[in-house]
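Worksheet for the structure shown next.
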Amino acid sequence: MDWTTETPNTEPSLVTATPSTTESLVDPAKMKVGYFGNEFPHDDLHDLSRRLYNWSKDRQHTLLATFINEATAAVRQEVRLLPATLRTLIPPFETIFSLVSHADLRHGPLGGCIDGMLLCAVQLATFIGYYEDSTEDTFHWHNADACLAGLGTGLLSTVAVSVSPTLADMPVTGAEVVRMAFRLGILVHEVSRILQAPTSDGGPGDSWAYVVPDAVADDVQSELDAFHDAKKTPESSKVFISALSRTSVTISGPPTRLKDLFLVSDYFRDRRFVPLPVYGGLCHASHVYTKEHVDSIVNTESSSLVSLDSRLAPRVPIFATSNGKPYSAKTVSGLFRNIVEELLTQRIEWDNVIEGVIQHAKCTAVSEALVLTFRTSLPARDLVEALNSESLPFKGRTQDLVPWVTKPQAEPRGPRGAQQAKIAIVGMSCRLPGGADDTGKFWEILNQGLDVHKKVPADRFDVETHCDPSGERLNTSLTPYGCFIDEPGLFDAPFFNMSPREAVQTDPMQRLAIVTAYEALERAGYVANRTASTKLHRIGTFYGQASDDYREVNTAQEIGTYFITGGCRAFGPGRINYFFKFSGPSYSIDTACSSGLATIHVACNSLWNGDTDMAVAGGMNVLTNSDAFAGLSKGHFLSKTPNACKTWDCEADGYCRADGVATVIMKRLEDAEADNDNILGVILAAGTNHSANAVSITHPHAGHQADLTREILSKAAIDPLDVSYVEMHGTGTQAGDAQEIQSVVDVFAPLSSTKRRATKQPLYIGAVKANVGHGEAVAGSTALLKVLLMLQKKTIPPHVGIKNAINPGFPKDLDKRNLHIAYHRGNTSIVLEEGPVRSIQDSDKDTRPMHVVAVSAKSKVSLKGNLQRLIHYLEANPDVSLTHLGYTTTARRHHHNHRIAVSTSAVPHLVRQLNSHLQSADTHKPIPSTGAPPVVFVFTGQGAAHRSMNLELFRDSPCFRSQMLYLDSLCQSQGFPSIIPAVDGSYPQDHTHPPTVTQLALVCIELALVAYWESLGVRPEVVVGHSLGEYAALHVAGVLSAADTIYLVGQRARMLERKCQIGSHKMLAVRAALDEVQSKANGKPFEVACLNGPKDTVLSGTVSEMEALAEELEQSGLKCYHLDVAFAFHSAQTDPILQELEETAQTGVLFQPPRLPIISPLLAKVIFDEKTVNAKYICRATRETVNFVAAVEKALAMSTVDETMVWIEIGPHPVCVGFVRSIMSTVNMTVPSFRRGENNWQTLSQSLAAVHAAGVEVDWNEFHRPFEHGLRLLDIPTYAWNNKTYWHQYNGDWALTKGNNFYDSKKKSAAAGSPLAAAPVSSLRTSLVHRVIEESFSGTAGKVIVQSDMMQADFLAAAWGHQMNGAGVVTSSIHADIAWTLGKYLLDSLKPNSRKSVVDMEISNLVVREGLVAQKNRSVPQLIQVSISTADVDSGVAYLEWHNVTNDGVSLADQEPIVTAQIRYGTAGDYLSSWVPALHLVQGRIEALSQLADDGIANRLSNSMAYLLFADRLVDYADRYRGMQSVVLHGLEAFADVKTKPDDEGGVWTVPPFFIDSVCHLAGFVMNVSDAIDTKNNFCVTPGWGSLRMARPLVAGGRYRSYVKMIPTAEDPTVYLGDVYVLEGDEIIGVMQGMKFRRYPRVLLNRFFTPADIKNPASGSMSCAKGARSSAQSTKSPANVAESVPTPAPAPVPAPEPVPVQRNKQDTAAPPVAASDSTAAKALDLVAAEAAIELSDLQDDVSFASLGVDSLMSLVIAEKLRQQLGITVSGSLFLEYPTVRDLRVWLDEYYS
């Protein structure tokens, strides 16, 4: 809506001032005038609004963003209140500026309303942003000299400025202005359409206002009156004067009345007039609008106005456009009323406004009036001209506020928040058709314009039998063509901790997804937790997948353990998260063909929402199922011709299916820049919608596609004409291509008169499907990779889809329509641009002379491959920067156990070193799997360094420098001189500093070096200091603070300076043992200062004594040299200071307990306690001998240090590490920190390379941090996989023949004759039996099947009442209750008149093959199924089986039951009679045990003690299970007094399990508590019993006595048998006969009894045995572990044939024989020891099964391999590697 009242101005402004040169507006001599006109700035409104929105994303423009959000919310609220007829005219909008692009809306009935609202929004957004952006001009609008003026709707904008005391108030007040403008526009529209009906075409109609130049108002009014009288015009329809100026009159009225006026009026007919662009309706009409109209707009009771009135008020005067006087309102709502009334009812007289401004300027006595405008306009020019009148004492000038919007951003300030961020793509990888195993090969296909289609390969299916072009054969494809990945089965399973079996059963697309994820992460320079954006919990995975071919066809032929985890889609991204330990979200997304790009959109949203900081995203598709080919062919989706997609071809007849796996790594742009990543491309916006209005679900819709594109361009604040390339979906279908090209040209290449592409703005389009086919779920990701490669190569590859002529359905005017890169896909689209260009400043360049290049791998094969790849890269790029290469291979790579590191200064040297390592790669040893080697810090004493140093580390390393400066400040604060001149190169090397400076400098260097090493992640486990270096060692060990260390060293040095003469004594180093020195000294005097090594001795004495001694010793052939020290330490020269030194240490220093072991050269021992180091120690260490040799030898003897440790010398030159090597000849490694005369960085590089290769984890990122601005991540070769083929081939043609009704008809006939079909479902339910799912009864035969959920409260409580290893375990007493329940139910159903109860039923032959452990997650069910059946109940026998059930209720009844038992029907009387003969024997043994207890021979235990011991050994029972009141135990025999406890929890039981357990678990107590069993190293569990009968019911509170004696069996000494007798008074009422227990090594307890849902799969675990049962519910244990019930152990599972694994052709060499110290040799030693065989029996061709290695022994050996060798495998190890050769080869390859 616009109420313009003057001719549109086309002249430039007269006087302008740019914002950058504006003087301070607080100057009282200057007046500010804010002018808000009634027309948009002359800039392109689309561009202006887009720029404002873009600026709102900037972190500096938070108020601008707030205003846009508040104004948008206000308008949305108003839209919701509109009547439906108007509400439907306004489309959904993301922000108010989104409405700018809706041309139909702005030119439609509500055009005036929308434009009026947009005018206020643009003005206020520009105004707010101007003040946020300006560094010179500030928001001071409440001085007495400021004033405001406006025209039309712009007058409303002045309210926000007038009432806002600060800029921060303007977003809210501005939003209210926008709300008022919208309401005003709606009112004017509604009133005006009553005066004149809208046009039938819905367009804007004609103008409601004409300007008549050179007219006189009185004459105009007279003519109007005459016209109205003649026409008898109704009052409301009269034409009237709406505005006056000195040069013109503006008349307004209904458009038809205006036209009529100019046709019939003599006065107007011949006059010049100008129709104004006022199409929204009538304003300034007092005869039309009333007070009620004003009230409808300004509702003073609305919450928003009430809030504003309560805290704000008008402050800056606004001049009324009618009389030029300031509005007098005192409230915000009052001011709005004044202005709305002005706009609706008052005439505009601009000259009055000008006069009002002039009078205001005169009153404030200003010298200058500055008019702030939004570009130039006639009213503003008239105002400035008037202000510049010669008669006035001031001058006027304008200042345009718009230029800040259109200026380029001076420097990147970053987005306001995550939602405004751009998304950087920092890594990518792929496996695509045509041999494109990397992005380089993919680009070759694109650049050469190749079409890589081919016939379906044989490894997918037989194309001859599964393809029929005629379409006559059932279930066949019409086309034999596709685009396929070469060898999709190749995979490095051990690298990803997968067994061969798991790899074969895992979908190859999921395998390739994790491979490309690793490669993409590697190319992105990802290192876990290196930066804030790489924290593991902030990384998520997002993959598109639209099919499960491999699971449906390949692995479905032989369903195994990993059928679900290896085949279901959700496990693909989940596996990536699991392997990399990402704990962010993992999504598998299926949106058909847009899956790959929809996934990118979801990943972007995750980054924008702040849910993640890094996203691993992509798509995957590997085609193996002929069904999809057949179905797509039948649906007319696929092309029948030999080609990839014929995109845009006139004969396009469908698409060509394709494989593909692609991964990209994404971060927010500012994070990528902060992380120093390579930015391959930047995503500005992304969106997804659906073609809801398409003619079918598979048909695209141009309108929806165009809507989506406009939406994301709006989000990105990008002009469509700035887009130069569009990558299209381009499937090669007639309808799809035509619809898509239409949506593209509509948005990116319009032909409108106001917006079209210039000649220099060509638009290019392309579609990658023409090269590599349609990858379906990976199609979008593939196209994204293409565009990223185009950005890298700065080339648009040729399009090869048009084989004949262009699609005739395309627009005919493409040439006339002459994309920032835009990337557009179906109904998911993203906008891409190139990444920021980064340059390296001279000040950022890396000055280090030497660099570390690291190579690592998980296997020897890959190590060789990685070395070869890097060598080839260097040969191809000889000018590569070693700076960047070192940074890339160290800080930006993950490091594996096979490590090589080279410190180098030139590429040729590096190549030679790498070739040398390549030659020796076969004998290379990996770092220990037990972890990084421990580190010893050894601190140098005096005499090793130059007198003055120039430390490069002090110059370059902020860490080292800050530490040195901090320590220097401590020195000076304690009154010592500065040490910095001794280290910063201020003096020449031979300059001698005072001893205080020299000694303090040495110690401070060492302290700073420790801080530096620790910043690299290298920390000591032991410390030792030599002489003065011991002070630094004491600090690092925590004994002395840094301040106390400096205090002691400085005070000691000052004492020496004060009390000892410099140069009077010397220290002499001799290359000989002390004995040899003494024998060759010929009696010359000396003192022994240091014993450094077996042949390194330092002597002290006076100068003359040392010179004479040196001469004598050198004549004897010994090498001697004088140390460059001021004093002879550890000699009589130091005696004068000793007492004072001890007193100083006693009073001035606080000694703390050591945190680390300290090797003491003074005491020749290792210090651990807090008392040894004290003031006396400090004194003695100064005077007495440094016995470094004895100290290290003592530490070695105590195992404080050993040969595996890494020794790092902390000091200015390596001295002590030489001593260490002479003492420990086999020491692993010794390295220096600095070396005299060598650049610090060179020394450190060499040392870091060595310790890294030895296994010490170095924080390389920290090492490179000082130079990171000058470092770049190189795109070097990715990991060389040790690939083998893992592939389950689809066999036969069952995919074709399955399409019949044979099985359906068979199932129907079987169901019709089955007694189960009509059987009713019973209401039977107890605490342990929950649901009868089937039952059938026929004569004396019957069957009942029930299911129970272990997670139900009663069942769960029963299981958790019997805890083992911290887990709830289903005791056999639970099985007994279930058996008796079903036994009675079956009998009652078949024999309703039977009077038998459970006391008449025997549970026999209970065999528990798998223990049931309650899972931890109680939110999902844990189901079991139990069946009971009998062919003839009169036979007295029924059979029971227990099976696992999947969570969705699918029974595993086709597998071996986990528990079996029988019910035998008898009579209680017979049972009781049969036990009478045994009664006296049992009672006799009970009396004998009681007597033994009285004699102190047997143990009598109370209830609490018994169960305390039971819990300590194995089972922790809940209170209601604890029925044994006392126990008498002797050897393997015991009796117990039992009292059963009531069920306070109200369960429904047949025989409560805690009753059964209470009277029977005495046997388990004996087996796990008795001292006759080695319970420390073993535990015993029962696999079942022979018979359980209870001839009397067990009752709550009943008192019973149990007796048992266990005996080992003759066949197997690990198996024990016994009978448990239950007595009530003098009667045996129950017997558990043949209760069996088996002994197991305690090391297996955790393996057997851990809930399945919290077991951690081993990192290198092997798969289960072929055919082995897989159940989430059961623990693969030898038996149920209830102590009250026994079972035979399962037989060993026969070893299967190994999974066929095809090696690469080059990988055919036989493995080397295992060295005696290799991991393989140690593992075989362990196997031999455990199997009790000779090592010589383990020949290569021997199978482990033949040696008696059964399933149990496998579990024991697996556990010991983990504990002793750090190798984690599953118990199926010997099934995967059945022979000695198989195992040795595997261990040699991956663990040697």
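Quick reminder: no glycine exception, Cβ is built from N, Cα and C everywhere.
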Segment assigned the feature region 'Disordered' in Swiss-Prot (from 788-845, 1658-1715): 1658-1715
Ranked first among 44-284, 937-1256, 1497-1646 for CB pairs under 8 angstroms with the region 'N-terminal hotdog fold' (1330-1470): 1497-1646
Packing count at CYS593 (active site, for beta-ketoacyl synthase activity) (other Cβ atoms within 10 Å of its Cβ): 26
Cα-to-Cα gap, HIS774 (active site, for beta-ketoacyl synthase activity) vs CYS593 (active site, for beta-ketoacyl synthase activity), nearest whole Å: 8
Count of other CB atoms lying within 10 Å of the CB belonging to HIS729 (active site, for beta-ketoacyl synthase activity): 31
Residues in the domain 'Carrier' (1714-1791) grouped by DSSP into helix, strand and remaining coil: 50 helix, 2 strand, 26 coil
Cβ packing number for HIS774 (active site, for beta-ketoacyl synthase activity), 10 Å threshold: 33
Cα-Cα distance linking HIS729 (active site, for beta-ketoacyl synthase activity) and CYS593 (active site, for beta-ketoacyl synthase activity), given in Å to the nearest integer: 9
